[in-house]
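**Student:** Sending over a structure as structure tokens; questions will come in a sec.
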């Protein structure tokens, strides 16, 4: 049993000798042992008076004497009778006759014994079994268990796997460079947090001192909050630095090991570990996922001391409103030329009127529910541009905005009416798709790198209305089972659509189709798809049902009923299928 992974393996009568030897690792260790042995037995000067003697710098081929640099200048100058003598590096140094760089044995395998088959000692490895992922000899193919397996030339597979490992290493190298830059950014972030924290503390102390004795205790509490926030941010950044440093060290070590492996010239030994090594490199590359090289916290402190309510409570005097009745901000002006809609999103822009000197601390944007209902706050902040996503299609929204400061809230602006799109236009979403999904044609065409089913979602979300879209089957090989339908944003993306409770789908082969939700298969219907087929999806959120079409004909009864909530177009497929979005609209067959 392995003490690390705790996996057990059964041994035959040969015991541990039945395991294949990691010849590549042996070669690397042997090469480093040779290098250390050569360094330990470095040639010494034969004319030095001191003890120990200095390392030899040259060897005279005629005198057959080793000289260090000082003795060579003193005892063997390049003039007179010594002018014609030939000085060469001593044995064991690069460039010397028979030196470490000239011998094949020290170069990593030239003088090494050619590996023989573990099962047949007299046979050399000549082929690679794709099924077992191991080198085999000719006799293994003739008599052993590999007779009916797919085999390929050993040299060709060696070059292929070496190319894959080199390509994966390039990706890890790029991520390592990004990680080093990211560490510099994090260290700069530490200094910014320290500076901003001190600045905020100074500002906070100044505000508290202005409130004299009534704010003494409250000042201490607020300082404690700022300190905790700063310590929290610092702790988060240090944790991220330590985590990133560890991952970078692991990636760097893996890179150095892989580079040593690539230097090896033993195809069978390389292929013995190449699959596992490629997977390790790919896993190492995948750990630098999107967002991993971004700070988890900001250097800014999102803390604002609102002293106005406390001042009013201490003095029990609303002196600001009584003394200055017109200090609230004026009416904001909506910039209609910048307000627009796209699909089910609206963008609004506004500004304060010119010659307005009243201070503004922020704005409040309100939007109704699309049916003429009550307004609700959708944004509070300092920006003068805001985009609201996830609205209903084919709906009319009313929007208004007002400004506020410490004196109060100003009046509302004029109401602007915005109409969302009648028809949803969307593409496949690369940001949420499984990493094996391959998108092209401006994200309107999808296929996959894997033989397993992978899920990709659309960029639109539907919560009401009637929506219809069609997908064209561009390629269909080996009778796969693509699935079409709808899903929640958090659907599982590494298996067929409909196998979890977050998706509702129809999966279809070349002869028949089934409806699937929560891994429950229902309503088997004759009729399948092929290259050039068109699959339509009708989502009627007014009637709360889902219907499918193939080549303009309804496929079975309405697939699912009582569907409510927010849904996104979804598709699952493998590498044998390619699908393109064809059309969108309320019209359907």
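Using the three backbone atoms N, Cα and C, a Cβ is placed for every residue, glycine included.
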**Student:** Which is it, of 61-85, 86-110, 111-135, that TrEMBL names as region 'Disordered'?
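**Tutor:** Going through 61-85, 86-110, 111-135 one by one, TrEMBL flags 86-110 as region 'Disordered'.
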**Student:** Sequence-remote contacts (6 or more beyond its ends) of the domain 'B box-type' (112-154), Cβ cut-off under 8 Å?
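**Tutor:** That would be 20, 23, 27, 105, 266-269, 271-272, 275.
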**Student:** Residue counts in helix (H, G, I), strand (E, B) and coil for the domain 'B box-type' (43-90), per DSSP?
**Tutor:** 10 helix, 10 strand, 28 coil
